[in-house]
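Pulled from TrEMBL, these are the features on record:
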BINDING   C:69, C:70, C:71, C:185, C:291, C:292, C:293, C:311  ATP binding site
DISULFID  C:118-C:165  disulfide bond
DISULFID  C:129-C:152  disulfide bond
DISULFID  C:135-C:159  disulfide bond
DISULFID  C:216-C:226  disulfide bond
DISULFID  C:260-C:269  disulfide bond
CARBOHYD  C:183  N-linked glycosylation site
TRANSMEM  C:31-50  transmembrane segment
TRANSMEM  C:334-359  transmembrane segment
């Protein structure tokens, strides 16, 4: 092949160059290599393509919007503060239908607190005292309710403080006051979008039957697109007892998972709900339970402010949406195939090593496989 | 090539071993193979590198912080409850500048509710009755306002209930009471960070001109970094009418997208806003509209609690930030190139198959391409 | 190799076909090629496997739940409105332990506002006037407090408005009223889950010692699993001064990062905290500071509503959790190895190009490397 300048070069470009092979009639190595090829092919087709869907581009950054609404009313009757009627505007905090919300199931009410002087609660270690020296004027009681005035009250064994008086003192009721919350219902509307694939869906049935969403109830089999749950069911699906959790409070995660294969029909892309308790009860440590305080402020006829303090125990629901979608794309397909093909080459290299160095016919094989070009004699 | 022990082995390591090629002077296969090579090269350069930026490492886990603030005042005049002045502290719920917030555009006020006994609303199916037997004592009215007392009231045809009385009864005004909310403005401050690349940016112009952010208004062309929007514009960009949505409420998603090529200058990394309606209006189903209730509690001179209940309709804004950044990285570059190169090998394999088995010169070609090493005669 | 039908074909399948090599005894090219092979091997082992952990499947979609609780009490004494006692239910907004919350550090109180007529504040540019013509009846004051009545008040130089009167007029105190907030503590409970690997962890020590979480304090070295922080420390770790930020307000991002190598023990998967200020103080622009308003509503004996307006300045804490986990998986391992192997092939191609076209022994080499099959003479 002598090239007559550029013309010849271009003609030679059109020749098909291919590796020259030697065939080693060695059945052991031959079978070994074919098995390896089958294994690689099996891996590429079986694992990468069928199980892991390696031909798909994946989108994990899901866009999501959640709206919640609770229904139910209950009456509580506490010996100290009388009757209370709790409806959704009271027991859902915040009331505006957020993704993370809290349902009151138990509470301690401390009515008619006014700014003044009173004894710190004995439950606060830093507030206890033996003499006035333990109550430094102006110091804040650590984890307490107010500012020390310098007096130690003998009657209670605690410092006098400037605080909202009287301070909260009641014991948490062992039975949840709002035990009827078990029958409240929650409606969770979730809208998702995979921006990369411009695909969006909602977890609510798109029906023309107005009353369906008023009477249905979630059921994995038959009513997957009716996102209405009984609170008691939600909690029991986490493996805990509602009444038990209602007394001290707790935290429940509702995970909505959307795993969508967008190469299939969109009806195959369905939400999957799972429920977990997020405040783990390990060794009765302080990490379990959930409560916080809020106050309602009033003014009396003389324009003096007073307040009612509520310490509420309850269940915090945290709706977490995650998901991923996959759709055929040429780039990951080629990366998956290409790296598999490259692996075939690695197998041939290994077989060559065996033939060249580890068999008694090696030197014979070497002489046939390699052709020496000795540039010294050119 | 006879090796004189290890020395010879190391010398032979420095020889360059290369495949022996046969050149098949077959123009058809030659052209086919060159075209295939061009196609693979075109794919690698054009698609993987130019379009998909396959040489970049991608970061999709964006860190983001959003602060919002609304401005505007309006006066409502309802025949039943008189004048109301709505300013941001009232119509934005919650008022503290969150990423998801609600703007009141319409409401039903039920003032001076007190705990007592009254008739359930006729709109609640479970509260209607023919006789006292329909009103089981102590039962909660499903989706209703209170607890049944056992009496059926003939005057209304509903059970008597213990509830906050009188129960809410007004019709939702067909015209939004806060129609002026169309002119309220919303300021959205968004700060983002791509932790993997230690890159951060904000959607607010960094200017020394104090007054710019007081008078500017968002405009995709000229004022991209002025994130101040008129509510009416926001809604109209979703393709809906503000006054229509204001009456029943709705949910609007504001997506801020940051697609940043960090190999370029940071000024090329700009936010892109898009606006979608999240409560789909399909067949007038219950899924459209947005409302919730909240109450304000008061105490009278005798220390008895009463409240004003508000059922508010409005627009829920849900600001979703997502984005991704890409920056040159050697690993994805090599994966992209390597798998392309491997594909070139796959093409040579296909051309070989054609030459070896599908042409009338196949056996001739086979004899030249393959050299048989027969180990039997060693 | 003549095949006797299919039988012979299958026998030939078991032969091991391997490329025939030519050995170019050219030390320069040989060394070059070996160096290249070493570089590729070094890249695959060192960079892809050791540094980037390319053999791992990665999960970036972390599921996370955050609960916060603040402790501390302080007394403020403002000359205008008297004593106030601030406890967590007052200064944390919202009070229910969310991931994004606001701590009041300074405020302006405007007590006893009633709906009525009064002068607009002179600070609002749109409210100033020379004559009644500047005050169009029914027009809203832009960025103001009410609706113009048409009168221009000479005493103040501003329009008369229908608003909650008197309008807010006080100056922000230059010293933060709640400067003691520096000593408040915040407890941050974070629970994470990597759904792909079914791995979950919390940032709170799982101890049976009840009192540990009552007295410990976060310390990167010794108390990594005690997520209790002093507010003053949090702010100082962002590089800013607490008292300075407390006066005007600000926004602090608390990033909790979980980078977990799940091939190792789960005790190696620890949270990393970092703290950044999110409202950048550039050129004293309006983007720095953080405040909002809220109101408390009261009714007097005559059932007339009045309110107290609070403009609160403070620090918004935004807890951002992100993380990624990696675990050995066969697919990325093979993609990383495969593409490296393919690269070795690319190096051989480059060495061939040099030998074939760029050396004076090229034509000799060409003749030995290539064997021409000329189909013309078949």
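We count from 1, first residue shown onward.
Placement of Cβ uses the backbone N, Cα and C atoms for every residue, glycine included.
Per Cα geometry, C:311 is the residue among the recorded positions C:183, C:216, C:311 nearest to residue C:152 (disulfide bond). Looking at C:183, C:185, the recorded positions in this record, the fewest other C-beta atoms within 10 angstroms of the C-beta turn up around C:183. Using a 10 Å Cα-Cα cut-off from residue C:129 (disulfide bond), the recorded positions that qualify among C:69, C:71, C:135, C:269, C:293 are C:135.
Under a cutoff of 8 A between CB atoms, and with a sequence separation of 6+ in the same chain, the neighbours of residue C:260 (disulfide bond) are C:194, C:199, C:266, C:268, C:269, C:323, C:324, C:325, C:326. Largest Cα to Cα distance within the recorded ATP binders C:69, C:70, C:71, C:185, C:291, C:292, C:293, C:311: about 24 Å as a whole number. Checking the recorded positions C:69, C:71, C:165 against chain A with a Cβ-Cβ cut-off of under 8 Å leaves C:69, C:71. According to its DSSP assignment, residue C:216 (disulfide bond) is coil. When the C-alpha distances from residue C:118 (disulfide bond) to the binding-site residues C:69, C:70, C:185, C:311 are tabulated, the minimum falls on C:311.
Secondary structure at residue C:183 (N-linked glycosylation site), as computed by DSSP, is helix. Using a 10 Å Cβ-Cβ cutoff, residue C:135 (disulfide bond) registers 23 neighbours. Sequence-distant neighbours of residue C:311 (ATP binding site) (same chain, 6+ apart, CB under 8 A from its CB) are C:107, C:108, C:110, C:168, C:172, C:291, C:292, C:293.
When the C-beta distance to chain B is held to under 8 angstroms, none of the recorded positions C:70, C:152, C:165 remains. DSSP assigns residue C:135 (disulfide bond) to coil in the three-state reduction, placing it in neither a helix nor a strand. Annotated pair residue C:226 (disulfide bond) and residue C:69 (ATP binding site), C-alpha to C-alpha distance, rounded: 14 Å.
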